[in-house]
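As recorded in TrEMBL, the features of this protein are as follows:
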SIGNAL    1-21  signal peptide
ACT_SITE  Asp131  active site
REGION    330-350  region 'Disordered'
REGION    398-430  region 'Disordered'
Amino acid sequence: MTYRKNRRRGLAATLATAAVAATLLGAAAPRPPVHVDNPFAGASFYVNPDYARLVEGSVARTTDPAVRARMRAVKRHPTAVWLDRIAAIHGGRANAGRKSLAHHLDLALARKKPGRPVVATFVVYDLPGRDCAAQASNGELPLTEEGLDRYRTEYIDAIAKVFARPKYRDIRITTVIEPDGLPNLVTNLSDPECALAQSSGIQVEAVRYALDRLHAIPNVYTYLDFAHSGWLGWDSNLTQTVRLYTDVVKGTAAGLASVDGLVTNVSNYTPLDEPFLTDPERVVGDGPVRSNAFYGWNPRFDEADFTRSVHRELVAQGWPGTTGMVIDTSRNGWGGPARPTAESTSASLDTYVTESRVDRRAQRGLWCNVAGAGLGEPPRAAPAGYPGSHLDAFLWVKPPGESDGSGENIPNGEGKRPDPMCDPAATPGALPHAPLAGHWFHDQFRMLVTNAHPPVS
Ligand code: BGC
């Protein structure tokens, strides 16, 4: 991020001169905006009261006092605020009574302690032709020039206008940009909607526009979504995807400096660490561990390995070493009774992998309201113990308890459709009776709290 740092230094110098002049004139000196390398470091995290309210609803429906106490503890955890449609910027009745973007920022400011920065995270998620490879989170904007136009003016411009208000300059505003958007343009081109998203160039234009507008605000930080190890962990996918990101970001006004980092595992269940499967090349029975059907030769079993490899590849393709990585750990804990406690001693590869892995999914591709999952590591800045991963933070980007989607046809004005991946009859391992994506799912929340790893305290 050399470019950005140089630019800031130039700006700071200008403002320092202005400050001297202002002091001489007896006016209050304007403080220079600061753009730090890791916005989460040393900051307190904004806790979304809308999320806390949803959790309270689950507490009220729970009788076991131990589970209630754990739910109450989860309520105090920070989660990202999803701007998942234009109405989410404005809040109120059009968005299920949730707070507007400005209201969240006012609250973040009100809770800021003197001398300590505050950081609030927002998910920018309204790409034209969104969720092209699935149905559960199809959005409101079509994959057309008109959709792109509305994305720019009614969505990104509206967000940028709020972020840029001078009163918010002391908040470190971090953004997670378009979950699944660019990754779908690499691996899902056999899907006609994704193929069109790619060939039309509309989604790349949209992401570049978002970066240009958001990067221009000094206290806003941009993190591009980068899928997860179970999706992009193969060498060929990983290299090719970093290449796409490099091209996309080089096409923004500030080039690579317009991105502060990447975020992986958003809304997914891939573990941070597979403690008993540490060597993908180790031969057990028929072949190396990674040749087992669960991994399909993908050598990256977890997000710790994945972020390390992605960071290395970014630097190899010319990105600054200061590019930060963030992992969504909201639902990748895999605690509970099914969690293995030791490496398997089986000599059969299949049994060995099945008994050793903490990821209890039947297949790594399952992503909708996965049965057996638990809350993961609590959000925190600069987690130690992951050398080479350059982790800026663990975050709970997906608010645990909000559904991934429904298998049933539930009429709605959000563009969401029934998804077979969320239908337990079509996809064993998806929880039954799920509401629409983003809506509160009490049974899932209870399960996540019960299976948390580390346990909620
Ligand atoms: C949904 C969004 C929701 C988000 C967070 C996504 O799957 O499509 O509407 O805001 O999850 O729960």
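Numbering starts at 1 and runs along the chain as it is shown here.
Note: Cβ is positioned from N, Cα and C throughout, glycine not excepted.
Where the annotation comes from TrEMBL, it is an automatic prediction and has not been curated.
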Original post:
For the region 'Disordered' (398-430), what are the DSSP-based totals of helix, strand and coil residues?
Top reply: 3 helix, 2 strand, 28 coil
Subject >> Number of Cβ atoms other than its own within 10 Å, given for Asp131 (active site) >> reply: 24
**OP:** With DSSP as the reference, give the number of residues of the region 'Disordered' (330-350) in helix, strand and coil.
**Re:** 2 helix, 0 strand, 19 coil
